Each structure stands twice: as structure tokens, then as C-alpha cells.
Amino acid sequence: MQGNRMKIAKKAVDVLMTVLLLCLMAYPVTGETLHEWCGIGMTVLLIVHHILNRKWTAALFKGKYGAYRTVSTAVNALLFVSIALTAVCGMAMSSKAVPFLYGILPVSFARRFHLSMSYWSFVLMGFHLGLHVPAMTAGWKLNKTVKTILAAIFALIAGFGFMLFLKNGIPGYLFFRTPFAFFDYGKSAPAVFAENLAMLIAFAFLGACCASLAKGNIKDGKLVAVILILASLFVGTALLLFDGGKREAAPSWENSDSPITGTAADKAEQTSPQTTSPESDGFVLLPGGTFRMGSPETENWRIADETPHTVTVSPFWIDPCETTGEEYARLMGEDPRSFAGENLPAEQVSWLDAILFANAKSRDTGLTPVYTVSENGVTWNRSANGYRLPTEAEWEYACRAGTETPFNTEKSMDADEANFYGHYPYEIEENYFDDSVLEARPGVYRQTTLPVGSFTPNGWGLYDMHGNVNEWCWDYYGEYDPGDAEDPAGSEDGTRHVYRGGGWNDFGKNMRSAYRAAGQSDLKAANLGIRLVRNAEGGIAGTVTAAETVRSIKTGGRVLIAYFSWSGNTRGIAEEIGRQTEADLYEITPVHPYSDSYNTVLMEAQEDQHKNARPELADPPASIEDYDVILLGYPNWWASIPMPVASFLELYDFSGKTIVPFCSHGGGRFGQSLTAIAKLAPDAVIGEGLSVHYSGGASLPDDVAAWLDLNGIERK
């Protein structure tokens with residue numbers, strides 16, 4: 001009697017685990033909260049399952065291992081490991097069921113492992129169920145015809161399941177090739193559960209056939225099981241091919257086409273002789289030409305400052321590669337790079353550093369230095385033949401290489417074509433949960449610079465115009481002047497200088513040919529470097545002066561800590577800063593808060609950013625006149641500031657004040673958030689920022705203290 005109850009309990013637990021697994025795999029239907037609680041339930045049932053099967057565990061090292069027992073033991077062990085890892089990684093990302101465990105693992109690591117292990121659990125659970133089918137059906141009295149019909153029906157269902165398995169890109173999750181979960185939220189709940197059930201049956205069918213093979217239970221010969229397996233796989237392949245004829249799959253980043261399409265290369269070759277510089281510096285001569293600068297209003301993720309206008313540039317020589325750290329160190333006597341390695345680009349160099357480097361390179365090769373640096377600023381002799389920074393117009397002209405599309409490849413770029421935050425290719429923001437329309441799939445995020453020239457060049461033979469490191473330009477940041485159409489040098493005055501191209505930690509949208517980043521002249525960053533140019537022929541007569549150099553950072557006076565937080569990470573950083581400074585705190589809160597659901601807030605945040613929204617704030621300070629320093633905190637959302645922070649920056653006049661940013665992030669550091677702040681508060685001085693990985697962990701107090709000291713902010 002007790003034995004029967006134990007068998008019933010074991011079967012009940014197996015059934016409940018299967019039902020919960022189907023619910024877990026139906027995330028678009030269940031939502032985040034129910035998904036997390038189903039995961040907790042699955043973990044509890046897994047523990048109960050192994051308690052009920054403790055005799056089986058105790059007998060692992062007893063008796064002989066035949067084919068069936070070997071396969072069954074291996075599957076059970078792998079299933080236990082995969083479900084356990086799924087649970088641990090899920091808890092590390094939990095915001096509902098067990099929020100106190102959030103961050104026990106790096107969240108980006110936990111997300112990828114959670115995805116992989118959940119799908120392995122799904123596959124192994126199906127196989128596990130299938131292995132027990134012969135035992136569960138041993139007492140059924142069915143004639144041979146009925147058995148054959150049932151086998152054929154399940155073979156067809158299994159074939160359909162295998163087709164769905166491949167069509168939905170599940171192998172990409174299993175083998176860590178797809179870093180994010182892409183769901184079709186347009187599917188009905190019955191359709192989602194039906195598809196998951198079909199895939200589960202596919203692997204159960206495979207397990208049942210393998211069990212029959214291992215046990216030798218097929219009276220008509222083991223060949224029947226093999227035939228059924230092959231038949232189901234054939235059905236799945238046929239269905240997939242039939243479906244593929246109607247729907248074009250999104251290209252995978254692992255096997256993308258060459259970045260230079262025939263059309264783009266042809267356009268470039270019509271105007272570029274690509275001759276070598278007579279100075280033997282390897283520079284490429286670009287012919288003069290007229291092009292459309294900026295982006296059309298139809299370009300997705302364009303920004304209002306990318307006003308399209310026609311510009312003509314004179315011929316000039318340009319370095320086909322970004323300046324390396326070795327070259328910078330040879331001439332300047334120091335190597336400021338954050339990353340060590342041969343032939344990596346110079347970074348952590350300010351605009352002023354780039355100016356001085358250009359002059360040093362001119363003197364080193366016997367050319368006339370272009371720049372005169374004085375207390376009054378930097379004056380550019382436009383007719384000098386030495387090395388210099390490109391103008392913004394020259395940079396975009398060189399990058400485009402005759403193209404008019406967002407990227408010089410004439411298609412979206414993936415991680416095989418440029419070094420950037422490959423998890424976030426162009427247009428991923430609005431397609432985060434459904435990648436079927438993406439031209440480039442999410443790929444690897446290297447989190448470092450790469451040796452210059454690692455990817456295919458553009459049509460003019462220039463490398464890394466998109467990604468690796470941003471590149472300083474001469475121009476002040478400001479509105480384009482359509483009347484300044486020939487060899488423009490930018491605004492006559494300003495407080496920020498332009499840099500272009502995007503870096504290793506930038507999203508695809510911020511690598512576009514037209515995208516404009518901006519920073520004050522002393523800004524240094526691990527993704528910001530140099531590419532030099534030289535005049536061709538006689539250059540242009542006249543001089544241009546950039547009067548703004550470096551403005552002092554205010555370190556005294558009253559301090560306000562203003563921050564926006566959603567998950568609590570940024571709030572925790574702000575509170576730690578508050579403990580160390582005893583400064584006033586203000587939490588930036590919109591009148592209509594974002595959703596508590598992680599998936600929902602992702603879409604709300606990208607939609608706000610897409611339309612450059614300014615959410616109304618709840619109870620903002622009446623004035624910030626009494627504050628000299630604003631410590632501005634925020635999470636890095638979609639490689640920029642959350643839009644409530646933009647609302648805060650537009651509420652007040654920050655002239656003469658110092659803004660010192662701090663942000664929480666999942667791997668992208670500041671992204672382009674510093675540019676957003678620089679543009680919205682052009683008359684503020686921006687101090688050295690602090691980027692914190694998620695909540696910062698045990699080192700947060702020390703990191704905050706060092707950051708405050710670096711910015712000269714008094715600690716209590």
C-alpha cells in the first residue's frame with residue numbers, strides 16, 4: 001500500500017513539474033511575476049522529486065549498468081543540474097519572488113545562463129519523460145494496428161515540434177549564441193502552450209524511441225524505432241523548409257555577409273583613387289566632393305541635431321586607421337590607455353591631448369604644425385600642411401564613402417563587422433522581444449578595444465569608422481549652419497567639441513554615420529580616441545580659433561544629489577554618496593511612474609527615448625540656485641539617460657555649476673549618457689563620472705570615496 005502511494009506521489013510530482021515547465025516556457029502569457037513564482041515552485045518540486053527518489057540515488061553505484069540505465073542516469077543527472085542552474089540564475093535576476101537575491105551573480109552572466117539552462121531543462125525533461133514511456137505503457141492492451149497508428153501520430157507531432165524548435169531559434173539559446181529572449185507577444189495563449197507542448201512531445205518521442213532501442217522492446221526489430229525517429233525529423237525538416245519559403249529569416253551575426261556591399265564599394269571607387277601619401281605615412285587621399293551631411297527624417301533613431309544639408313569638402317589625406325597607443329606614447333611620452341595590447345587604439349585622450357599629439361606628429365615628420373595653443377585657446381592655421389583633427393564634415397564624408405544610409409555598409413552592422421556593444425545592434429530597442437525583422441542579429445560584446453584594422457574597411461579603405469573608439473573632431477558642437485556649405489569648421493563658439501563613430505561599448509544606433517556625440521575639451525574616456533588628417537594641395541587660407549579650453553570644476557559650496565532609480569541600484573549608490581557627504585538628496589520621480597515589470601519598462605523606456613519625451617516630474621525642487629555641485633545619478637538605459645533625467649536637466653539653468661555624473665549599468669558603462677548631459681546642460685562643467693556595475697557590491701563605499709576625492713568633493 002505504501003509502495004503504491006509512493007508511486008502515485010512520484011508520478012504526481014513528475015506531472016506537476018511538466019505542467020510548471022510548460023508555464024515557465026510560456027513567459028509571454030504568464031508575465032514576469034507568475035514566471036518567477038513558477039520557477040520557485042519548480043525548484044521546490046525538484047527537491048521533493050529527489051527526496052522521493054532517494055532510493056534510486058542510493059543505488060547509483062550498485063548493480064550493472066546496461067544501455068537503458070546508463071542513458072537514464074545521465075539524463076536525470078543533467079536534468080537536475082540544468083534545473084538547478086536555471087533556478088539559481090533566475091533568482092539572481094529576480095525582482096518579484098526573491099528580490100533579496102538580486103545580483104548574487106552578474107546579471108548579464110545570469111541572464112545568458114538562465115536562458116541556456118532553461119531550454120536545456122525543457123529538452124531534457126522531454127527526453128526524461130520519453131524514457132519512462134515504455135514502462136508507463138507496459139500494461140496497456142493495444143493491438144498492433146492501434147500502436148502503429150499512435151506511433152505515426154506522435155511521429156507527426158514530433159516532426160512539427162522539431163520544426164518549431166529550429167524555427168524559434170532555440171539552438172541559439174542552448175549554445176549561448178543568443179543573449180536575449182525574443183518572444184512573439186502577438187501569439188495567443190493557446191498557441192504558445194500548443195507550440196511548447198509540441199516541442200516537448202518531440203523530445204519525449206525521441207526519448208521513448210531511444211528507450212525502446214536500449215531495452216529492445218520493439219518486437220518487430222529495433223529498426224522500427226530508428227525509422228520513426230528519422231520520419232519525425234524528416235517531417236520537421238520538410239515543414240521548416242516549406243515555412244522558410246514564405247518567411248525570410250533574420251540573418252545571423254555569425255555568418256553575416258561582407259560589410260562592403262557591391263553598391264557601396266562601387267560608389268566609393270567612382271571618386272577615390274586611394275593613392276598612398278607622399279609622406280610615407282600610409283594616409284589615404286580622399287578626393288574633394290559634395291555630399292548630403294546629416295540624416296533624413298525617415299532614418300530610425302535619428303536625433304534632431306542631425307539636420308540634413310549639402311556640404312562640399314576639399315581633398316584631404318586621412319589615416320586609414322585610428323591612432324594606436326604605441327604611436328601616441330612614442331610622441332607624447334605616456335600611454336594613457338585603459339586596455340593593454342599590441343596595436344590597440346589610443347584612448348583616454350582629451351580633445352586638447354589630441355591637438356597636442358597632432359602638433360607633435362607634425363614636428364616629428366618635418367611638417368608645419370597646424371595648431372597654436374595659448375591661454376586664449378587653440379588657433380588652427382588652415383593652410384598649414386601638418387597633421388590635424390578632421391572637421392566634422394570631413395569625418396562624415398570619409399565615413400560615408402559615397403553612401404547615404406545609416407551605416408557605410410548600406411545595411412545594419414553586426415558584431416562581425418564592427419567592435420561595439422554587439423548585444424544591441426541597430427533597431428534592437430523596439431524589437432527587443434521579436435528579432436524577426438532585424439537586419440543584424442545580436443552578437444558578441446567584447447568589452448574592450450580591438451587592434452586597429454580588425455574588420456573590413458569601408459569603400460575608401462578606411463577601418464573602424466564605425467565602432468572601436470570614438471574619434472575627436474575639430475568642431476564645436478552646435479546647430480549646423482546650412483549657409484556654411486564649403487569646408488565648414490563648425491560653430492564659431494561653444495563649450496563642447498564633437499566626436500564621432502561610436503566605440504566598443506556603444507549601441508548600434510550610436511555608430512550611425514550621422515550620429516553626433518559631444519564633450520568638453522578635457523573629457524577623457526576609455527572609448528574615445530584619435531584619427532588624424534592632413535591637407536591636400538595648399539589647404540585653405542585663414543585661421544580659426546577655439547577660445548574655450550578648460551574651465552575649472554567647482555569643488556566647494558553646497559552639493560545636491562539628484563538621482564533617478566527604477567530597480568534600486570542607483571538609489572543605493574546615491575544613499576552611499578549621501579552617507580559620505582551628508583549632501584541633500586532628491587529622487588527624480590515622474591508623475592506617471594514606469595511599470596514595475598522589467599519587460600514592460602524596457603519597452604516604455606525605449607519608447608520615451610525614441611520620441612525624446614520629457615515626462616513630467618513629481619515635486620521637483622523649486623530652485624537649484626543654492627547648489628554649486630549637482631551629483632547626477634541614473635541607470636544607463638538604452639545607452640543613454642532615462643528621459644526623466646532629461647526633464648530634470650531642462651528644468652533649470654546649470655550655467656556655472658558643476659555636474660558630476662554617476663550611473664549604474666549592466667556592462668555598457670556610461671554609453672552615450674555623458675553626451676546627452678553635455679548637450680542638455682551646455683554651460684555646466686562636467687566632472688569625472690562614476691560608473692557602477694549594477695549595485696556595485698562590497699567595493700561600493702571605497703569606489704565612491706575615491707570618486708569623491710577625485711572630484712574634490714568633501715567627505716564627512
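Backbone N, Cα and C atoms are what each Cβ position is placed from, and that goes for glycine too.
Please treat TrEMBL annotations as automatic predictions, because they have not gone through curation.
Straight from TrEMBL, the features:
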- 12-28: transmembrane segment (TRANSMEM)
- 34-52: transmembrane segment (TRANSMEM)
- 73-93: transmembrane segment (TRANSMEM)
- 113-136: transmembrane segment (TRANSMEM)
- 148-170: transmembrane segment (TRANSMEM)
- 190-211: transmembrane segment (TRANSMEM)
- 223-242: transmembrane segment (TRANSMEM)
- 248-282: region 'Disordered' (REGION)
- 270-279: compositional bias 'Polar residues' (COMPBIAS)
- 559-716: domain 'Flavodoxin-like' (DOMAIN)
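For the transmembrane segment (34-52), the residues of the chain that approach it from at least six positions outside its boundaries are 6, 9-10, 13-14, 16-17, 20-21, 23-24, 27, 80, 83-84, 86-87, 90-91, 94-98, judged by C-beta separation under 8 angstroms. Confidence over the domain 'Flavodoxin-like' (559-716), given as mean pLDDT on the 0 to 100 scale, stands at 94.
Two recorded stretches are said to be in contact when at least 3 C-beta pairs lie under 8 angstroms, sequence spacing 6 or more; the transmembrane segment (12-28) and the transmembrane segment (113-136) meet this definition. By number of Cβ pairs under 8 Å, the transmembrane segment (148-170) is matched best by 190-211 from the list 73-93, 113-136, 190-211. Here the transmembrane segment (73-93) has long-range neighbours at 36, 39-40, 42-43, 46, 50, 60, 65, 101-105, 107, 110-111, 113-114, 117-118, 120-121, 124-125, 127-128, 131, 207, meaning same-chain residues at least 6 beyond its ends whose C-beta is under 8 angstroms from one of its own.
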